[in-house]
């Protein structure tokens, strides 16, 4: 592969990331004006919040593009340890507010931090250090088991699935035997089934997925509104800014369901363009992982690639009713500071690795 093409890989990654970020800001503003005006008296609240996090994220993004990877490897255990501490703190009553039966947000300096998002980054940075030295299934199980249990206790099944995908992907890319990976996949599947079984809310979500006509004004309302939103867009959409579903009909219009708003206003064509941009990002990530020789950076990029892939797949699949709704955000597009900043940091590290390959 020529140096020029490798240079283009990092450059294209940089441009695609920023284009998706800008599109996300526009989408959040477009989807949030009504709810922002109703709640805060002006249409810009959610845009301002996301802009603030975008500035923080872009600064971190640019920093991680330049940071020495050896320094990053030294800092990784501390990032992972902090993420574990935050995952514990979020479970303590009085420290973290309970919202819709879950404790997922940690108040910090006037903002709300989502520790499970930091856990994704911590796992991607730290687990490769362990796997570079050994493939002990006991040690591996202890590391990921701690993170997964703390995340399940929130409870947050969607993020638990993402963390599982990241972990298994890293183990696979580290050269582990398929004989070990197979039991891991079985255990992960059984754990997900158990989580669904013991949670009445999750069981209802699955029942809704199997039969969207069940309880149309209750548990099925969200998925029905999503399908209605997608269907109303047609081939070219109703026009940017002219969608109706964002006016308090579609739940989570700025977060989980933002893809549906895009499809309503820009139609099948706009949805395909957005998915093409996301697919381009994913393919570039796997390309960088494939072309990287040193073990630590190679595993980091493989982890980031599996992270972004899993989130895009789960979010979009839930929107088109291929899987139950999981509450997973669309990377760089959905509203949410913790998700945005950690994603930008992860992509910054990936571009750093791509530039090192050049």
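Our numbering is plain: 1 for the first residue shown, then up by one each step along the chain.
Glycine is treated like the rest: Cβ placed from N, Cα and C.
Lifted from TrEMBL, the feature list:
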TRANSMEM  12-31  transmembrane segment
TRANSMEM  51-69  transmembrane segment
TRANSMEM  76-96  transmembrane segment
TRANSMEM  108-127  transmembrane segment
TRANSMEM  139-172  transmembrane segment
TRANSMEM  178-198  transmembrane segment
TRANSMEM  219-240  transmembrane segment
TRANSMEM  267-287  transmembrane segment
TRANSMEM  299-326  transmembrane segment
TRANSMEM  332-354  transmembrane segment
Problem set entry | Proximity verdict for the transmembrane segment (139-172) and the transmembrane segment (51-69), three or more C-beta pairs under 8 Å | no
Problem set entry | Same-chain residue ranges lying at least 6 outside the transmembrane segment (76-96) that approach it to Cβ under 8 Å | 103-107, 113, 115-116, 118-119, 121-123, 125-126, 129, 146-147, 150-151, 153-154
For this session: With Cβ distances under 8 Å as the criterion, find the stretch in 51-69, 108-127, 332-354 that has the most pairs with the transmembrane segment (12-31).
Result: 332-354
Exercise. Any residues 6+ beyond the ends of the transmembrane segment (51-69) with a Cβ under 8 Å from its own?
Worked result: 14, 17, 21, 25, 296-297, 336-337, 340-341, 343-345, 347-349, 351-353, 355-356
For this session: Mind pulling out the one from 108-127, 219-240, 332-354 with the most Cβ pairs under 8 angstroms to the transmembrane segment (299-326)?
Result: 332-354
Seminar exercise, completed: Contact set of the transmembrane segment (108-127) with the rest of its chain, CB cutoff 8 A exclusive, min separation 6+ beyond the ends, reads 72, 75-77, 79-84, 86-87, 89-90, 140, 143-144, 147, 150-151, 154, 156, 159, 162-163, 166-167, 170, 299-300, 303-304, 307, 336-339, 342, 345-346, 349
